[in-house]
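Encoded as structure tokens, the structure appears first; notes follow it.
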Amino acid sequence: MLLIIGMVTCHRIAGFVFVLGQLCVSLKAYYLISLSLFNLQNAIGFQRVHFDTSSASLVNEITTAIKVYAYGVEDFINDPRNINRSLNTQLSCEGVGAARWDTGDRFFRYLRNVSVETEAGKPNIEFTQDGVLRAAELKIMNLRPGISKQLVWEEIGVWKSWQKEGLDIKDIVWPGNSHTPPQGVPEKFHLKITFLEEPPYISLSPPDPVTGKCAMDRGVSCRIASDAEITEVDMTLAHRNGSYYQCCAGFCIDLLEKFSEELGFTYELVRVEDGRWGTNENSKWNGLIAELVNRKTDMVMTSLMINAEREAVVDFSVPFMETGIAIVVAKRTGIISPTAFLEPFDTASWMLVGVVAIQAATFTIFLFEWLSPSGFNMKLSLKQSSPSASHRFSLFRTYWLVWAVLFQAAVHVDSPRGFTARFMTNVWAMFAVVFLAIYTANLAAFMITREEYFEFSGRSPINRPTLRFGTIPWSHSDSTIAKYFKDMHSYMRLYNKSTILEGVAAVLNSELDAFIYDGTVLDYLTVQDEDCRLLTVGSWYAMTGYGLAFPRNSKYLKMFNKRLLDFRENGDLERLRRYWMTGTCKPGKQEHKSSDPLALEQFLSAFLLLMAGILLAALLLFLEHLYFKYVRKHLAKTDRGGCCALISLSMGKSLTFRGAVFEAQDILRNHRCRDPICDTHLWKVKRELDLSQMRCKQLEKELESHGIKPPPQKQHPQRSTNCLKSCLSSSSDSSEVVITAEKARARLKSLNIDQMGSNTDLFRYSLFLFSRSRQNL
């Protein structure tokens, strides 16, 4: 009846499948077993452990399950992250509907965080991360004869997980209707297990010198002395002597303890006498394999690698750990490279900057200045012998400008006059800003001392004669290298070490450049290094695994294989690996370099900027020629307020007389002529002035010779000093007046030329420039 009630309950409350699903299965299995046992008359003394299955208890558990489910639903709904998720399961105990509930895993996390109050004296209903009850109560039952001679299950004790006082058991009826337990225990077996130490699988430490025992955190006692050495020694004193017995601990020892607990055997740990792993030397095996071949031991338990040669003479279990051959090196503090200032960019980038970018910028600036209508006319400039010839904008001066802008040097440079060339110079300056920003940002990483190490990759052998490397003789790594890389094996014999610890110490002390051995062992030593200087490089080679080794046709192989598969399935092997393979340093795989030279692809944007600037500058050069040839004459005719002159001034020419005067003033002050025939015209003006002065003096002398006193000269100091200003003076209403060439000549005649001095020269030259510019229009 209870079975039917339990099944109906699970059927009707489909939403409690997760909570009550195991309960339903357990009920069915429990009652089926119970009914079958009731017919067994010789089953007296059977014992079992189960939970309370009374009707009242089951009803209470259903109520508790409803509370757990309700609290879980409440927490699920109140979480804003589950707004778009539904609790509609589409599942049932009859197998109709979906096979998996997509939201079940998320809902499970809310259920396991539920806490339900129970009756007084009992802890709250809470669950572990796996969904197991934290507080469990189990009843211990004993099958014994009842009053009517029928067998009944009688409660003899209750175990409560939250109580630490122990368990009280009533009188037990044992098999055979006896009140005393049967004599003897199930038969156990004893194994002699041979090992060879290698951390983290097996590590040795001395025992307590007084008691001769090993502490719980130091493993189990193991014999390191040979059979001959231990024969005539007092065993009590031998266990206290570290020369005979040591404490073994590690991954393999913990795994061996689990085997011993599961299979119920005792063991003796003995170290192999010759201290070798086992290789076939001159058709004879040595080390651990020899112990198995000669049947001197029942099993080998250590980090013994599986290979085809060993499998031909001994039996291996399924692998309990994967491994391969790896290379360990030590990091060394390097020095700053003499070429560190070149390392921020790769070779292609530097070639592109030096051969392409600089040359392109130089020739485009020079070419645009040559072709610009407002730039330096190189052909005319070369013909001059005046000081203005020193102002040529040559190709080498363009190189000087480009280098100065690139490195932001505060030196004197000759700037171009053409608008297009100036624009191209600004584009090059933008390129220089980007280039220097990337260069300086990446340079800091290369101008510091970095840790260096030898790099190896792939399966290529270390065949460089300048390197010192070795391995452990007669190991799997040694035999593999001897088989596939004979020259390399012959060379490395000079640097082989007897143990892994000696090899790693030699790498740290720079006695060796690299050490070749099992990958998992090297990874462990890498993460355990206090200074974190060790590093495994390259990829693993000759992948294989560690296994338990037995003599041929051993009767223990199957039972150990079965347990190994169980340990792998339930995660025991993974937990042991995480416990023993961790350390303070990061896993010893090859680290990525902190700084790599920038490739061309990473620096391409700056070159795209430069190319775009060149194309745009070429377009501006075309527009500049169009302006001077077609647009400028129309602007000169229509411009009366001087607004268009602002645009013209930026192009290097002036539309107004005022602009021409300023240009002439600047030329005379700086002794630079911007017009090709400037010096010739200036010489003519000075000559006319000299002739005028000489003519005036001759006239004065002629007057004096005739007895006529020359009239006194009129003084016009203010007008003489401000002649240029008067030419540029504002009108009465303070508006800018743009005068024509004819008005300028009329105004020149109205001035007293003899009294104006250098200002007259300046005015005449300005008038000439303006007249010429208007005539060109």
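A Cβ is built for glycine as well, from the same backbone N, Cα and C atoms used for every other residue.
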Annotated companion of Arg310, Asp518 at the L-glutamate site, TrEMBL, chosen from Ser260, Ser349, Ser477, Ser554: Ser477
Residues of the parent chain within Cβ reach of the transmembrane segment (350-372), under 8 Å, 6 or more residues beyond its termini: 342, 378, 393-395, 398-399, 401-403, 406, 416-421, 424-425, 428, 431, 435, 600, 603, 607, 610, 614, 617-618, 621, 624-625
Rounded inter-Cα distance in Å - Ser477 (L-glutamate binding site), Cys585 (disulfide bond): 25
Non-local residues, at least 6 beyond the ends, that sit with Cβ under 8 Å of the transmembrane segment (393-411): 358, 361-363, 365-366, 369, 375-376, 378, 417, 425, 428-429, 432, 435-436
Any further residue of that chain within 8 Å (Cβ to the Cβ centroid of Arg310, Ser477, Asp518) of the recorded L-glutamate site: Trp277, Leu304, Met305, Asn307, Thr323, Ile325, Ser475, His476, Ser479, Thr480, Thr544
Recorded L-glutamate site residues Arg310, Ser477, Asp518, farthest C-alpha pair in Å: 17
DSSP residue counts for the domain 'Ionotropic glutamate receptor L-glutamate and glycine-binding' (236-294), split into helix, strand and coil: 25 helix, 16 strand, 18 coil
Model confidence over the domain 'Ionotropic glutamate receptor C-terminal' (227-583), averaged pLDDT: 84
Neighbour count (Cβ, 10 Å) for Arg310 (L-glutamate binding site): 25
